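Q: Below is the structure I would like to discuss, written out as structure tokens.
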Amino acid sequence: SIYQLHKITNDVSCVLLTGTIIMMRSILIVAILLSIAAAYYIYLPLPSTISEPWKLMFMDSILRGVMHLVSFAFVSGPQSSPAIRVTETSFGGVQAQVFESTAADQEPHLKRGVVYFHGGGWTLGSGSKKTIFYCWSMAEELDAVVISIEYRLAPEARFPDQYNEAVQASKHILTAEVLSQYSIDPKRVAVSGDSAGANLAAAVAQQMALDNSAPIKFKVQALLYPALQALDFNTPSYQQNSHIPILHRPLMARFWLEYLSGDPRLVMSLLANNHSTPTPSQEIAAAKAKTDWTKLLPVAFQKSYKPVFPLHGDPKLLEKLPGLLDVRAAPLLAETKVLKAVPPAYIMTCEHDVLRDDGLMYATRLEEAGVDVTVDHFEDGFHGCLSFAFGPFRFSVGFRSFRSYTRWLKENL
């Protein structure tokens, strides 16, 4: 009947309405839960002095997400413009990108040269993708030729492969033939890098300074938040910035293990300084003296932190990781006579960076060896901040650090 049909229609409408309400309620609950989860994932308690904390939290969450998904999105490859000519080539069999200022095309003259090593923990990144913006800007700002070296990454290559390729490329570049090809002034060539790339730059600067077969030398070295030692993961900056983006303390230990062909399960041993022992050998004691932050670090940076010594330690750990004591991997361990030979240095450090003290201790050792050193410390800086000098996620400290870095190069190169 019509009455029954009307009743059935109403019942169906009620069911549909009820289902819609339940579905909307479910969607709302899921949205709230996802929002809470996202907020939990993004939020980090950061010091009030750090530059633009909420933006940094957001960027860190993105980077962590990328790491967890094991997929990395890069910008397109380098392209030339009227001001900068970009080419891909190789030096001594090592791939590289060359960023050339075209200013000399109209008025021929010799230009500055910068050999650059990108960061990424010896395992991540690409010179053409990671450093394209500031290599480009550096070439234009300095009227220079910037050569970004594409050394191979772990796990394809392990120490000393990256070091050997860095030295090999540098030796090939520092020849009259190559410098003349790119109109680079042989008296104005710098070696530079950031993070793990600064590690390679420091190691290359030491090796090239001692190489009597290379008549052309680097005039200066510029190290941006360098990683220079892996004997102490409990310096004040490691303790203070253990969970500060973008480089967390456990992640740095993992990078070192990747570089030195170590077992990833050794992370906790490194973080506990178990590679030290209460009664170290003479070799280890000598190396530890070169990383003794209680003597090498300015008091203002020591704050109230105390050295961390293991109760027992693991003497076999250094047998598993001999690279920990190898100066090619850890330039901070170089002998004073080696440091005396290296060129003047610019060292950028950031307050909110686990590697802050590596750079500051190296500056002290260089100064004690009689080397001219400029320490450029950013109180609101964090690891990798210069990478955020450009693009949609630009940080004020990123732009300030880039300007300070290029200004020093302009005045000293």
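A Cβ is built for glycine as well, from the same backbone N, Cα and C atoms used for every other residue.
Automatic, uncurated: that is what TrEMBL annotation is.
Heads up, here are the entries from TrEMBL:
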ACT_SITE  SER195  active site
ACT_SITE  ASP353  active site
ACT_SITE  HIS383  active site
DOMAIN    114-265  domain 'Alpha/beta hydrolase fold-3'
DOMAIN    326-386  domain 'Alpha/beta hydrolase fold-3'
TRANSMEM  12-44  transmembrane segment
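In terms of burial and nearby residues, how do these features look in this structure?
A: Listed in sequence order, TYR225, SER237, ASN241, ILE244, LEU247, GLY381, PHE382, HIS383 are the same-chain residues six or more apart from ASP353 (active site) with CB atoms under 8 A from its CB.
Looking only at the domain 'Alpha/beta hydrolase fold-3' (114-265), the predicted model's pLDDT averages out at 95.
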Q: Count the Cβ atoms, other than its own, that fall within 10 Å of the Cβ of HIS383 (active site), considering every protein chain shown.
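A: Summing over all protein chains shown, HIS383 (active site) has 27 other Cβ atoms within 10 Å.
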Q: Just how many other Cβ atoms lie inside 10 Å of the Cβ on SER195 (active site)?
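A: Its Cβ has 29 other Cβ atoms within 10 Å.
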